[in-house]
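Undergrad: Below are the features I grabbed from TrEMBL:
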| type | residues | note |
| --- | --- | --- |
| BINDING | Gly268, Gln269, Thr270, Gly271, Ser272, Gly273, Lys274, Ser275 | ATP binding site |
| COILED | 16-50 | coiled coil |
| COILED | 140-167 | coiled coil |
| DOMAIN | 174-574 | domain 'Kinesin motor' |
| REGION | 416-469 | region 'Disordered' |
Amino acid sequence: MPARGGRWDGFWEQRARQLQRQLQAKEERLVEAETENAVLHLRLAQYREMIKKSGGETTQVHVQCGDQKPLQRPGPLAASRLRLVAQRLKRDVEVLHSWSLGLFRRYQDAQRDCLSEIVTAVQRAPLCHEALPPAGPLEAGCLERSLQEMTERYQQERRERRRLHNTLVELRGSIRVHCRLRPVLPFDDEFRGPGSQNSPVSGAVAHALDDETILVECSRPGRPLINKTYTFERVYGPAESQRAVFEDVCPLLTSFLDGYDVCIMAYGQTGSGKSFTMLGPRPEQDPALPSGPHGHLGIIPRAAGEVFRLLAENPSRRPEVDVSVVEVYNNDICDLLAKDSCAVVSRAKCQVLTTTEGRKEVSGLTRESVQSAVELMTLVAAALRLRTKQATAVHADSSRSHLVITVTLTAAASSCSTADRQSDQSPPAELRGPTPRRPAPGRRPGAARTVSSVSPRTRGLGQGSQGPGGQVLSKLQLVDLAGSECVGVSGVTGSALRETSLINRSLAALADVLGALSEGRGHIPYRNSTLTHFLQDALGGDAKLQVIVCVSPCQKHVAETLQSLGFGARVRQVERGRPAPRKPRR
Ligand SMILES: Nc1ncnc2c1ncn2[C@@H]1O[C@H](COP(=O)(O)OP(=O)(O)OP(=O)(O)O)[C@@H](O)[C@H]1O
C-alpha cells in the first residue's frame with residue numbers, strides 16, 4: 001500500500017507532467033508561429049521591394065512621360081490605376097504585419113499562463129496535502145475488506161483444489177504402483193554370488209523406456225533374447241531424484257490430513273534401493289532430519305516435514321500426532337520405541353489384535369507424541385539403530401526386517417476437507433464410542449504413552465476439544481520391507497539363512513494376499529503371516545495404498561527383478577472399493 005504522502009506526491013507529479021506536456025505542445029505551436037512570422041516578414045520585405053520597385057517604375061514612367069511629353073503623355077487613367085495597386089499592396093502588408101504580431105503576442109501570453117499554472121500547482125501541493133480529509137481509516141477499511149475477500153477466495157480455491165485432488169487419487173484407484181530403477185552402483189561389481197564370477201554384472205538389462213514403462217532384456221544361454229515390458233502409474237529411471245519420487249506420493253499426505261488412512265510401501269529385492277527410497281542414505285548414522293539439507297532425503301523424512309507443514313497451515317485443528325515404530329522380524333512384531341522400567345530400550349514383542357470394529361491394532365505398542373518433523377525423525381533414527389541388519393553377499397547393509405512407521409493423526413476436521421463433507425452423513429456407531437480419552441494434561445512432546453488395543457477410531461479428544469466439524473482420525477503407515485533374496489546369490493548361512501527364509505515367506509504371503517484380492521477370492525489369507533495380518537487394513541481395507549517396486553538394473557539380479565515387476569503388475573490388478581476417509585467424531 002503506498003504511503004499517504006507518497007500517493008499525493010504521485011498525484012502532483014502526474015499533474016506536473018501533464019502541464020509540462022501542455023507547455024511543450026504550446027512551445028511547438030510557438031515555434032510554428034515564429035516560423036510563420038519569419039515567412040510573413042519575408043513576404044513583407046518582398047512587397048516592400050515590390051512597392052519600391054513600382055514607385056521607381058512610376059518615377060521612370062513619369063520621367064519618360066516628361067521627356068516624351070510632347071510626343072505621348074500617359075493618360076490620367078493609367079496613373080490613377082497604378083496608385084490604386086500600390087495603395088492596395090501597402091494595406092495588405094500592414095494587415096499581415098499586424099496579424100503576425102497579434103499571433104506572436106497570443107502565444108507569448110499562453111506560454112506565460114502555462115508557466116504560472118505549473119508554479120501555482122507546485123506551490124499548492126503541500127497545502128492541499130495538509131488540507132485533505134484524514135484518509136487513513138477509510139483506506140484501511142477498504143483494504144481490510146478487500147483482504148478479507150481475497151482470503152475467502154483463497155480458502156475457496158484451496159477447498160476446490162483439495163476436492164479435485166481427492167477425486168483424482170480416487171479415480172486413479174486406491175492402489176497405485178510405481179517402479180523405481182536404481183542406477184548401477186560400484187558394489188554391483190564387488191559382490192558376486194557363487195557361480196556368477198564369470199558373468200558381466202554391471203551391464204544394465206533393465207531400462208526405463210519412459211515414465212510409465214520399464215523394459216527388461218531376458219537372455220538365456222542358447223535362447224533368443226526376449227524383451228519384457230511392464231507398465232506402472234509411474235516409472236523412475238536411475239537418474240531420477242528423491243524429490244521427484246516424493247512429489248508423486250506427496251498428494252497422499254493431503255489425503256492423510258483429510259482423514260484417509262494411507263500406506264506407502266517399498267517392495268523389492270535386497271539391495272534394490274527400498275531403504276534409500278523410503279529413508280535416504282544411511283539415516284541411522286546421520287539422522288535424516290527434515291531441517292537438514294534435502295538432497296538425498298527419502299520419503300519418510302520428507303513426509304514428516306510435509307505433514308507438519310500442512311498442519312501448521314491450520315493450527316485451529318489442534319492436531320495431535322503420535323508415532324510408533326515396529327519391525328516385523330522373524331515373524332514377530334518388535335516395538336522399537338519400547339523401553340523397560342529402567343528406560344532402557346527393550347524391543348518388546350507385540351501381538352496383532354482385532355478391535356471390536358474389525359480393525360487391526362498392535363497391543364501394548366508405544367506411541368510417542370510428536371510436535372515437529374524433527375522430533376518425529378529423531379525417534380525414527382533412534383529406532384533404526386535397533387533395526388536388525390546383516391551384511392550379505394548382495395548388500396553390505398541389508399535390512400533383515402520389515403520396518404513399519406505408523407503416524408496417527410487426531411485433529412478437528414478441516415472445514416475444507418473431504419472428510420468434513422462426508423461427515424454430513426450420520427456418524428457410525430463406533431465413532432460414538434466409549435468415553436473419549438484426553439491426552440494427559442501437560443504431557444511433554446516425546447513423552448511415551450502406551451496405548452492398548454483401543455482403536456484410534458474410538459479414541460478422541462474430549463467433548464471440549466472437538467471442533468465444530470468433528471474429528472479426523474487417520475493413520476499413515478510408511479513401510480520399508482525387507483528385501484526378497486535368492487539364498488544362492490546372497491550367500492547367507494546359519495541364523496541369517498533362517499531370517500532369509502522367513503523374509504521370503506512373509507513376502508510370498510504378501511503376494512498371496514494381493515493375488516487373492518486381485519482375483520476377488522472369498523478368503524484372503526491375511527493370517528498366513530504376521531506382516532500381512534498387521535497390514536490387513538492397508539492391503540484390503542479402505543486405505544490408500546502406494547507401492548513402490550524397487551529394482552536393480554543388473555544382469556545378475558534379473559530373476560529377482562522379473563519377480564518384483566510381476567508382483568507390482570499383480571498389485572495393479574487389485575480392485576477394491578473406493579477409499580473412504582475415516583469418519584470424524586461429532
Ligand atoms: N536411486 C539410487 N541412487 C543412488 N544410490 C542408490 C539408489 N538406490 C539405492 N542406492 C544405494 O544402493 C545401496 C542399497 O540400497 P538400499 O539399502 O536402499 O537397498 P534395500 O533395497 O533397502 O536393501 P535391503 O533390502 O537389503 O535392506 C545403498 O548404498 C544405497 O545408497
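Quick reminder: no glycine exception, Cβ is built from N, Cα and C everywhere.
Curation plays no part in TrEMBL annotations; they are all automatic predictions.
Help me picture these features in the structure, burial and contacts included.
TA: Residues within less than 8 Å, Cβ to Cβ, of Gly268 (ATP binding site) and separated from it by at least 6 positions along the same chain comprise Lys274, Leu481, Gly483, Ser484, Val549, Cys550, Val551, Ser564. In the three-state DSSP classification, Gly268 (ATP binding site) falls within a strand.
The average pLDDT computed over the coiled coil (140-167) stands at 74.
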Undergrad: Across all protein chains in the structure, which of the binding-site residues Gly271, Gly273 has the highest Cβ count within 10 Å?
TA: Gly271
Undergrad: Determine, from DSSP, whether Gly273 (ATP binding site) sits in helix, strand or coil.
TA: coil
